[in-house]
Each structure stands twice: as C-alpha cells, then as structure tokens.
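Remarks on the structure that follows.
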C-alpha cells in the first residue's frame, strides 16, 4: 500500500501535466503543444487533490475512539500481573543502568517508565548512540544514499524530458512505471534475502556492499546514455544583429530537423505562412524556410537502455533498505532501538533530504542555456539545457556521492570483521547485558534504600 501512493502520484502528475495550466477552451496560446519547452502543465491541481484527500481522511480518523476495544480471548490469555510487573522492573533495571530512563524515587511509580524522559536522559541516550561506531557509520551511509534517492526522485522527470526530447507528461509516466515497481521489488527482495539466509550484521554489510557496487556501475553507464541529437540551439548574432532580437523571447523554429533557432528573428525570417516562416536570411545552404517549434529527435534505443539501467539501479538501491534497518536494530541496545530509529531519521533529514534538492537544483540550473524572463526583470524558468554537459554533471555528482558511501561501507566492513575476530565480542549489542537472576535474587530497581 505504501508503494501505491507514489505510483498514483506519477500517473496523476502525468495526466495533469498534459493539460494546460489555465482552465478554458481558449486558454492555450497559438502554436504551443505539450512537446514545446514553453508548455506549462496544470501543476497546481495535484496540490488541490492531495489536500482534499488528506482533509477527508483526517475527518475519518477523528471518528475512531480513543481506545479500541480488546478481544475477550486476548484478555483471558493475558499474562499474570505479577510476572508483568517483574518484567517491567527488569526492563527498568537494564535501562537505568545505562541512564536511558529517569530513576524512580518511589516504589509505586511504575507508570513513570512510560513517560517522556527528561532532557538530560535524552542527551545521554544521544551520546550513547553517537558513541556507537557501528550505528554512526550506518546512519552516515543511509544519509549519503538518501541524497541520491531524494535527488533522483525530484529531478529525474526533468532530466528524461531534457536529455531524450520527451514531453513532461510522458517523462512522468515513464519515470513512475520504472522507479515504483523497481523500488517495491527491491525492498521485498532485500527483506526476503535477509530472512531466508538469517543474515547477521556482517552478512548484511556484505550484501549492502555488493548492491552498492552494482548500482555504482549502473550510474557510470547512465553517464553516457543520451540522445545523440544533431539539433543545435543556435543564436546567429552577426546575421540577425540588424533585427535587434530580444534575448528573452523564446519562440523556437526548426530548420530541417537539424538546427533550432531561438526565434524567427534569430533566423532572420520576415514572412509567416501558417506555421512556416519564409524569407529567412540566416539559414545555411541558401534555404529560406523554417517551421514553428523545436526540432524533435527522439532516440528510442538510448531511451530504452536508459530506462532499463535505471530500473536496475533503483532495484539495487532499494535492496539495501532492509539490511540497513537490521544493522541499526542489532547494533544498539533493545531499549534504544526506537530512539535510534528516530535519531537516524532526524540526521537523514538534516544531512540529506533538506540540502539534496537544493544542491542538485543548483547543478542542473548551471547547465541552462536559455532562461525566460519573469516579471520585474527576474529570471524565470529554463527552456534549454546543455544536453552534452548535463549528464556528466548530474551523474558525475551522483557517482562521487556513491563513492563516499562505498568508502564508508569499506570502513564499516573492516571494523566489523576485526570485532568478529576478537574473542568474546558480540556485534549485536555494544554493551554487554547482565544475566537475569531469579526473581527472589533480583534487586528491585524501583526501591531506593535510604542511606
């Protein structure tokens, strides 16, 4: 069900982007189609649909009671109250030894075990987790990998549209049909392999390392896959100098599906007949006719190979999700597992999910060849990207980030192997848990003997 949301999102985005931004029969300007770089889809409609759906679901959630009724069979088969109290006291003993829960001043304060820890105990728990070298390394690895996931999810539709001369609607459909099934299949396969072979921390690290190498090789292959188009976005300043062409007007015209001029003015055209311009003085070989619109040169072979490799990269990228979770859960104490997952999520947002779209957005914007002009002389959206340099800058950055993750994995693997060779070392926990004594020999941690 979790994967159903992104799949529906890509499909809905494709349908909305194929319609003009404004509503009305005469809203589309003349000569602009969905394949035109000036096309603006109905992007705002998706927010309305999502907000309306969340509002309706929130009202449905409000109808649930505060506490769900218990099953009678479950109540009759519940454990003895005395044994439950002893288990809670044992958990409190293990937790207070590591200062993860506040110490109790009265024997009857068992309920305080379920209350929010004090601020100093939270700081103590954070320190214990960050001093755990295995936990720290796997969180950094997850953060680095999250940079690629967030960036590709955000900008892959735009890249496919620019690199393979496709419309935004078709690019969204292709991206959704490739990324979502690959992510679902990869996550399921990773969980199955971990359970099937009963993998420990060392086996999970080896599995992540293999998946990292394969996805790294896939990124290198994607670096060289793009449309080898003969289209040249040309601005003949010398020829059209006397025309005083505006540098902010983008109305592309195509010459023999080879050269795209920024506007009829840059091609030196003076006459318009339907959708064709004639008497163009800046064309090569003495020709004088061009057609309205950009030159389309879709390369089906390169597009198919790109999408196939993208599926493989996404599969192995998501294959690492379950082993990474297993390493986190087995490298910390039981009492700190929930807190460790929350801290990992916080670190990933700070290091990856917030700065990653900004970083890759700057990288993509630096490859823009022609910007539109918005109001008040401000820069608008990008119409043309450098098709030769964009793949190298985008996937080159991704390869560097993947290399950092690979180096961290090598360090984690080396440390784990050394700990396995050391006698009496348990990798599933960084702190030895004392043996549980019989009930009559245990100290009650909830009772504080006055000095």
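Each residue, glycine too, has its Cβ placed from N, Cα and C.
Caution: TrEMBL annotation is automatic and unverified by curators.
Per TrEMBL, the feature domain 'Kazal-like' maps to 233-284. Across the domain 'Kazal-like' (233-284), mean pLDDT in this model comes to 74.
Residues or ranges marked as transmembrane segment in TrEMBL: 43-64 (among others).
The transmembrane segment annotation in TrEMBL covers 133-157 (among others).
Annotation comment: TrEMBL describes 169-193 (among others) as transmembrane segment.
Long-range neighbours of the transmembrane segment (205-225) within the same chain, counting only residues 6 or more positions beyond its ends whose Cβ lies under 8 Å from a Cβ of the stretch, are 141, 190, 193-194, 199, 302, 305-306, 309-310, 312-313, 316-317, 319-320, 323-324, 327, 391-392, 395-396, 398-399, 402-403, 405-406, 409-410, 412-413, 416. Positions annotated as transmembrane segment by TrEMBL: 205-225 (among others).
As annotated by TrEMBL, transmembrane segment applies to 304-329 (among others). Within its own chain, the transmembrane segment (304-329) is flanked in space by residues 134-135, 138-139, 141-142, 145, 148-149, 156, 160, 163-164, 174, 178-179, 181-183, 185-187, 189-191, 194, 199, 201, 204-205, 207-208, 211-212, 214-215, 218-219, 221-222, 225-226, 337, 340-341, 344, which lie at least six positions past its ends and keep a Cβ under 8 Å from the stretch.
Tertiary proximity for the transmembrane segment (350-372) is limited to same-chain residues at least six positions away from its ends with a CB under 8 Å from its CB atoms, namely 38, 140, 143-144, 146-147, 150-151, 154-155, 158-159, 233, 248, 250, 262, 379-386, 389-390, 393-394, 397. The annotation transmembrane segment is assigned in TrEMBL to 350-372 (among others).
Annotation comment: TrEMBL describes 392-415 (among others) as transmembrane segment.
Distant neighbours of the transmembrane segment (169-193): 3, 6-7, 9-11, 13-15, 17-18, 34, 41, 152-153, 156-158, 160-161, 199, 207, 307, 310-312, 314-323; these residues of the same chain sit at least 6 beyond its ends, with a Cβ under 8 Å from one of its Cβ atoms. Long-range neighbours of the transmembrane segment (133-157) within the same chain, counting only residues 6 or more positions beyond its ends whose Cβ lies under 8 Å from a Cβ of the stretch, are 13, 168, 171-172, 175, 179, 201, 208, 310, 317, 320, 324, 327-328, 331-332, 340, 343-344, 347-348, 351-353, 356-357, 359-361, 364, 394, 398, 401-402, 404-405, 408-409, 411-412, 415-416, 427, 430.
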